Amino acid sequence: MKIYRSTLLHTPASPFAVPDALQTFSDGALAVGDTGTIAHLGTFTEVLAEVRAACPDAEVHDLRGGVLLPGFIDTHVHYPQVRVLGGLGMALLEWLDRNTLPEEARLADAAYARTIAGEFLHGLASHGTTTALVFGSHFAGAMDEFFAEAAARGLRVVAGQVVSDRLLRPELHTTPERAYAEGKALIERWHGQGRSLYAVTPRFSLSASEGILDACAALLTEFPDVRFTSHINENNQEIEVVRGLFPGARDYLDTYERAGLVTPRSVFAHNVHPNERELGVLAAQRCSVAHCPCSNSALGSGLFPLRRHLAAGVHVALGTDVGGGTGFSLLKEGLQAYFMQQLLGEEGAALSPAHLLYLATLAGAQALGLDGQVGDFTPGKQFDAVWLRPRAGSTLATVLAHAESEERTLAALFALGTGDDVERVWVGGGVVFAREAEA
């Protein structure tokens, strides 16, 4: 048994539903068993007494001087795009054509894909992300490299081969038959192995014909516990193209709905420009939306209508959208989400630091159906955590030293925190990133 002593902050419930959902311990502790399961949570004095009564030799890890949060959960991030981060000055479709698709084509080479997988997974872990819903590669071999590397590093990943059959580069296209066959083989090799799960992943309706969408639906039917993810309503130009490709569809969501792809296992990225029917269906079907505020801002896609999603009952979590976004940091995404709602004025949703933490942690676990395992520090869940410790003399260290409350501490972490403040990261009780090991 190990005891971790630190300032502890987590949201075991949604602040959108429970106003006092933020739970804080200024001198708190977690006791973690040998299997990585949290056994006790409370003040350090309480936890030490409980654990030492049964386990006198339990070791104490003193993490004071920093803040311990649940591991971040990224619900939309692209594995092949780590090297195209920073492509500013373009809207979505031009950015895809000029920056992204040429790079994605390079992952046909397995050795190159292996290198990219390592860079990508290091980017996640080094920014405190312990679980991610990952848009994969168009190549099955590249997905084998990805899952193998994720297993070696110990991260939790939900990922799948991306499938398309039109309007991209020809080498990225597949057929419905091949999409089904390769997807099935990948599911049988990787789904449920260790910490890996599979997500059926058509790129978006713009590049996926009805045949591709039907093949995806066949996989969801055959494997009832795999997940589904795709893009929706990101950019007005994209929406118009999809409307022309599916003249019989009521709207963008209907292109997926008609194929049977709108279910509680579905996570749709962006949804910046939904209509009321789409919001109603997403809520009724208990789908989730991955809100990617940095990407939406960088690509000029629009301001996310969070208040409308919440009013309709649609579940929302955060995604970084590497490489359309601006990096792997969910602290940055939380801050940008806050800015975006501020800019919307009366049409925006009022967000507190507790909301930002929830969106970056438990909300993602709920979107992925993993909230029984991760997302907060409730005893019985896995110890997935990030220890943030600012450098001595930094502005963040100064602010934290004078913070009047734990909520003020949390606000400062989102406002000022960066990847450089991530000191150590655990998944299932094991260290997956340590800053000192990078020195």
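Cβ atoms are placed via backbone N, Cα and C, with glycine included.
Taken straight from Swiss-Prot:
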- His76, His78, His231, Asp321: Zn(2+) binding site (BINDING)
- His78, Tyr79, Pro80, Gln81, Arg203, Phe204, His231, Ile232, Asn233, Glu234, Asp321: substrate binding site (BINDING)
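Distribution of Swiss-Prot features across the structure.
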residue	record	Cβ within 10 Å
His76	Zn(2+) binding site	29
His78	Zn(2+) binding site	25
Pro80	substrate binding site	29
Arg203	substrate binding site	21
His231	Zn(2+) binding site	26
Asn233	substrate binding site	24
Asp321	Zn(2+) binding site	30
Integer Å distance between the CA atoms belonging to Arg203 (substrate binding site) and His231 (Zn(2+) binding site): 7
Secondary-structure category, per DSSP, in which Asn233 (substrate binding site) falls: coil
His76, His78, His231, Asp321 excluded, remaining Cβ within 8 Å of their centroid (Zn(2+)): Val77, Phe135, Ala269, His270, Ala290, Cys292, Ser295, Gly319, Val322, Gly324, Gly325
